[in-house]
Number of protein chains: 2
Amino acid sequence: MYFAVIGTHVRGKSASPAMHNASFKTLGINAVYIALDVPREELPCFLQLARLNLRGFNVTIPHKEEVVKYLDSVAADARAIGAVNTVLVERNLLVGYNTDASALYQLASSHMKGADVLIVGAGGAARAALFAAIKAEARAVYITNRTYERAEALAREFAEKFKREVKAVRGPVKADVVINATPVYDAVVADLSGASLYVDFAYIPTPRTKMVEEAQRLGIKVIDGVDLLVEQGAQAEKIWLGVEPDRTVMKRAVLEFLGI
Amino acid sequence: MYFAVIGTHVRGKSASPAMHNASFKTLGINAVYIALDVPREELPCFLQLARLNLRGFNVTIPHKEEVVKYLDSVAADARAIGAVNTVLVERNLLVGYNTDASALYQLASSHMKGADVLIVGAGGAARAALFAAIKAEARAVYITNRTYERAEALAREFAEKFKREVKAVRGPVKADVVINATPVYDAVVADLSGASLYVDFAYIPTPRTKMVEEAQRLGIKVIDGVDLLVEQGAQAEKIWLGVEPDRTVMKRAVLEFLGI
């Protein structure tokens with residue numbers, strides 16, 4: 001069986017091959033997971049090759065939203081999110097899921113319930129974070145983004161879709177839970193003072209992003225990019241293989257790959 | 001590093017992944033080799049993905065001739081043959097080689113020198129066999145094929161190209177060396193009486209083809225599909241990695257994959 005992650009800067013950089021290949025080995029499953037750089041214009045043809053050759057694949061930046069329209073069916077939550085990071089290939093049919101959202105919900109829902117949540121970013125990961133926060137019944141949900149208009153459009157889309165308030169904000173906003181849903185790792189992207197939880201999607205080149213270090217300095221609980229990568233990967237394997245993989249094996253493989 | 005074999009019926013059937021992955025492991029090279037089914041219409045896009053992601057790949061039925069026109073450069077012998085089975089990806093450039101021909105030459109040239117050679121088939125493998133026979137200075141070279149016109153066209157092409165006689169024949173012809181360059185494994189495709197060597201390209205689902213058994217019954221020396229697969233694979237690794245792989249490791253892995 002073959003599996004892959006596709007994006008535009010994943011080959012040799014993504015830790016997913018190391019993580020899943022270690023998990024397959026532990027599970028005794030004869031499978032190989034690779035990372036493939038797929039330019040946007042080659043996405044349709046990659047998907048044709050995937051139908052014929054893969055059992056499943058992950059989708060990362062910049063394809064998480066674009067891929068949705070090529071799929072044969074999409075799980076309800078992924079459809080609502082408007083982004084897919086996990087695809088199951090079932091009898092040549094492509095079925096989309098979003099395990100970014102389910103992983104974040106699994107790891108952070110207790111902190112988000114009734115709390116103010118600030119999401120930094122407006123791409124596929126931000127969509128997953130928004131869904132998890134709304135599902136966790138966050139009190140207030142704010143979005144901030146380098147390009148304000150994209151934050152505004154995303155806030156309006158999710159407010160309408162989920163019939164609740166979602167606000168785009170400019171500049172610093174205090175929140176109980178702050179989520180970095182961008183690949184930015186070397187800059188402080190939000191004010192963490194007063195927060196109880198900081199979540200970071202970024203783990204390349206390191207999960208110790210500037211914001212993770214800032215949060216640890218302030219004594220704030222951290223869910224970093226490796227924690228998220230492992231959980232979304234474990235949930236993807238559950239979809240692909242119906243197994244409950246060993247997350248410690250997966251995390252060890254990621255840290256080893258990252259040289260930590 | 002990633003490697004692959006592409007064709008239209010290779011995934012799960014080709015022994016090349018087992019062979020090369022065993023070799024990489026023995027050589028201590030961190031590389032993965034997979035088998036991908038690529039329909040003709042997806043060949044151009046696969047090649048774009050190959051430029052970005054692979055270090056090399058093999059090409060098998062039905063793409064050995066078709067692929068040539070998409071390559072950035074082609075080794076002289078492969079150009080003359082008009083078929084490529086091995087591609088090196090060098091700084092995103094696709095460079096074509098034909099290790100089918102060099103493998104057959106390596107294994108059978110001494111038998112073909114000054115001998116009458118009969119080649120069954122008119123596809124990419126037949127082209128490689130023709131080149132090897134001509135290079136080995138065979139006395140007479142005959143081609144026979146289910147579709148006689150294709151044998152005729154191929155004979156004319158190679159006769160002109162190499163300024164020597166190459167004859168298309170119908171029906172049984174006696175030859176010293178008989179080469180099955182088709183995937184046919186379950187039928188007797190030529191008269192072996194009087195031959196000193198029988199060569200068979202076919203190894204799926206088994207290298208013990210009807211003709212190999214017939215040759216063994218007649219006490220004729222046999223070079224079977226596994227011998228050829230290993231030699232062309234070893235020569236491909238030399239092109240990709242500059243190594244001299246252990247052919248016994250490769251052969252053991254192929255036989256194990258085939259359950260022999």
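Cβ coordinates come from backbone N, Cα and C, glycine included.
When the candidates A:PHE57, A:PHE162, A:PHE201, A:PHE257 are compared with the NADP(+) site entry in Swiss-Prot, which names A:GLY121, A:ALA122, A:GLY123, A:GLY124, A:ALA125, A:ASN145, A:ARG146, A:THR147, A:TYR148, A:GLU149, A:ARG150, A:GLY225, the shared residue is A:PHE201. Classification of A:ASN85 (shikimate binding site) by DSSP places it in coil, neither helical nor stranded. A:ARG146 (NADP(+) binding site) sits 19 Å from A:LYS64 (active site, proton acceptor), taking the CA atoms of both as reference points. Taking Cβ-Cβ distances under 8 Å and a sequence separation of 6 or more, the neighbours of A:THR60 (shikimate binding site) in its chain are A:VAL5, A:ILE6, A:GLY7, A:VAL10, A:SER14, A:ASN85, A:GLY124. Closest in space to A:GLY123 (NADP(+) binding site), of the recorded positions given as A:ALA15, A:SER16, A:LYS64, A:ASP100, A:TYR203, is A:LYS64, taking the CA atom of each residue. Sitting within 8 Å of the Cβ centre of A:SER14, A:ALA15, A:SER16, A:THR60, A:ASN85, A:ASP100, A:TYR203, and not among those site residues for shikimate, are the Cβ atoms of A:VAL5, A:VAL10, A:ASN58, A:LEU229, A:GLN232, A:GLY233. For the pair A:LYS64 (active site, proton acceptor) and A:ARG150 (NADP(+) binding site), the Cα-Cα distance reads 16 Å.
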